[in-house]
Structure formats: C-alpha cells, structure tokens
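Please read the structure below before turning to the comments.
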Amino acid sequence: MKSQILKLQQTLTKKPASINPLLQQIDGAINEHWSSNFLLKNTVEWAQAQAPKNRSKSPLNNIPFVLKDNIATKGIVTTGGSRFLEDYIPPFSATVFELLNNSGALLVGKANLDEFGLGGTGLHSGFGFVHHPWNETLIPGGSSSGSAYAVARGIVPFSIGTDTGDSVRRPASICNIVGFKPTYGLISRNGVYPYAPSLDHVGIFARYVYDVALVSDEIIKHDKADFSAQKSPDAGKFTRSLKESFNKQIKIGYLKPLEEWFDIELSKKWNSLKERITLEGCELIPFHFPLELLEVIDPVYKLISYSEAVSCYSNLTGIVFGQKLFEPNQASDFSKTITANRDRFFGEQLKRRFIIGAFGTDKNNFTKYFEKAQKIRRVMVDAYLNLFKEADFIVSPSASGFTKTIAAVQKGESFTNLVDDFLQLANFAGNPSITIPWLVKQKDQTIGLSVNANCFHDKQLLQVAAWLEELFQIEHDD
C-alpha cells in the first residue's frame, strides 16, 4: 500500500540529519510556488527550530504539513483568509494543531482559503486567488484551496483543511488527491474558526488513503474542550485496519437520479466503475432518492450555513480585536464604527453571504425561512441515513464535470448541479465521506469518486477507499 509519509519517515530514520535538507527543499518549493498564492505564511523557520526538540515515536515525527489558516496557532498569525484578521496572533492553539505538534509533525505553512471558509472556488480570500496546482487559469476548488494545492504539488505529504459543505472533498476532486471528512465531532474543532458549527468538520488531505489513516490515528481523539466532540469506536486503529484482509462481499449503493446529470464522458467512466466493482463481487444497489429533496439541498445549505456564520462572526467589530479604521475613543457612533470596519475589511462575497444569513434569521423571517430549512434538513438526513440500512457504502462522482476557468467563475457562469450538491448531505448528516482520485483526463482535468459510510463507520470507509484506490491505480506527478 502506497504511503508518502512512511517513505519519508524511512529516509529520516536512516539519516536523521536529512531533516534540515528536507526543510530547505520545502522552503525552496514554497518560494517557487509562492505566486500561486497557496500559502499565507511560510513557517519553515518555525519547523527548523522545532525539529531538534522532537522525540515522538509517531510515524508523523518530523513529517512536514500545512494547516488551513482558519485553525489557530499560538504565536503565529491566523487570518482566516480575511483582511479583518490580517495581523491577529492567537494566544492559544487549536487542539488539532496541538495533537499534530505532539506527534512531532512540523508545520511549514498556513494555507490560503476562501474568507472564513465561505466559498467553494478559492477565489474569495482577502489575500487574492489561489490557483490550480497544474493550471493557473483554473480554480482549485475551495474553501480549503491552499491545503489541497500543497499536497497536489508534493510540497507536503499531508495537510489539514475544514469541510462545511464539501470544502475538503471538492478541492481534493479537482486537484486529484484524497480528501477525508470523518464523522462529525471526531476531530476537535476547538480553536478552529467556525463557519457553521452544525456543519463544520476538520478534514485531511493526502495523496494516498494510507496516509490519511496515519494522520487520523493522531488527530481523531476525544476533546473535552469541544462541546460537539464525539468518541470514535476505532480511535487509534485506522492504520492497523488497512492491513487487515478486506471482505469485498459488500453492498454499494448509488443515487439513480444523479445519473441524468452526467455528461457523456462521466457516464462512460461511471458505467465502467459499476461493471468493475460488480465483477469484484460487490452488490450494487440503485436508490431512487427523492428528486425533490436533491433539488433543495443547496438552498437549504446556504440558508442554514449563512445564518450560522453571521451569528459566529458577530464579534468581529474591530473594537476589541481585528482591523479598525480608527481607535474606539475617536469614534462618534458605535454602530457606524462597526459598520465602517466591516465594510472596509470584509470581502464582497462574505458581505453578501452575511446579508442572506441576517435576512434568514431576522425575527420576521426566522420561522418562514430558517426554521423551515432546519425541518427540511431533518427530512433529508432521515432519508439519506435510511439508505445505509440497505447499503454499506454510497458512491457518487465528486463533481458533475471538470473544474472551470477563473474567468468563467468571475462571469458568474453556473458550473454545479445536483451531483455537486450531493456532497453536502454528508455535512447535514455528519457521516464520514471521502474523495479519492478516479477520473483523470489530464492532470488539470480530474474528477474524484465520493465514497460515503454511516456515522462512526470511518474505519470501514477507509478500508473500502483503500481497496478502490488500488483498483484505480492513479499515478501522481511531482
């Protein structure tokens, strides 16, 4: 089973002194790719100071990684991709960063993202676009754009992102890597800037499923500091499970209505997949999931997530912390001061989404819109999770087509449909979901395969993903 982490660890074990040349090499790669805007902060110097102190027995010891810049790092600027927090240095670290730090992993950079995670293209950071790793005219997907870029270009063997609607799995699909979102609450969100707390997940990028399992063993741990934390029945056993024999006598479901949205090329690849896994001994189950539910996934997602977001960031006033146009004692009007600060330092996309969220939670609209959206979400989740009573896993393309150009997205051309929206169901339900490389037309035109399991079946999901990964045999360019 392929693993970049183990390969690198073997080199470091044989030649401990090779850590310094490795970090210098990464520093050079970061500088070479700096114009792609995938990083907001180069922390290689921090890693160089940390490496000699590491004594961990973890497979991640002295393994470099990149962290999405909405995850707090004590003493290191954490912007959330927003000009509002351009100079903000957290006095604490997120639990997920502390766990990685304790494992000996070395932070070499803070990754760019759509502002506070509210975006799916990589074009809405306060610090400029993130470009596709293999074609600067294309979008990389978002919001965890920089984290995906770093892994796709081989700069680091793994990175950490966040996934509220598909923000790990969509860029993984576009960048031809693995993106894993575990069951809700298994990776602590303590110290992670929120977008929509009922939907937010921390996720992992890597080139191979085995590396995702290695990282999962280190960061899927119950955290009392996270009120939404849940305990995994398989914590610490994910890597070990991939070495066990895999029973291919499984039931794999798919949503039949989505096939109508496939283009010719995607349909051909999809039919080939169904034939292959049937030949391998799996049972395929077509589900006629209600079309009326699929059609409202995206509006329900937007209403709930934007409403939660506007509440989460109500503390960004510029009065206590964050950027400000002038000092509070110079302000003549409190409300006007906050409005001026937000207008100046928030991006246009963020402001539009906050307006929608404020509208949905207004006292005159709450019952009509937000409360109704929550009820529809419940109906969706019940219908979706019921599928796992008949199937062990549910598969789907991770996108309806290849990624689009930056120019096309800026023009507002529609480029998603129900196939793309399907990924959001795993955030509504909180079940584990993974994207693995699958359809490769050329290195800048790829579509991943989404594999989903029932809640707390993360171990089984990684097992089937590793098996499918071996079937597909996708090669990576450095």
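Just so you know, glycine gets a Cβ as well, placed from its N, Cα and C.
Annotation source Swiss-Prot lists active site, charge relay system at K68 (among others), citing similarity to another entry. Packing around K68 (active site, charge relay system) is summarised by its Cβ count: 32 other Cβ atoms lie within 10 angstroms of its Cβ, all protein chains included.
A simple way to gauge crowding: the CB of S143 (active site, charge relay system) has 34 other CB atoms within 10 angstroms, across all the protein chains here. The active site, charge relay system annotation in Swiss-Prot covers S143 (among others), and the record cites similarity to another entry as its basis.
According to Swiss-Prot, the feature active site, acyl-ester intermediate maps to S167. Remark: S167 (active site, acyl-ester intermediate) has D114, G117, G120, G142, S143, S144, G161, G203 as non-local neighbours, by Cβ distance under 8 Å and separation of at least 6 in sequence. Classification of S167 (active site, acyl-ester intermediate) by DSSP places it in coil, neither helical nor stranded.
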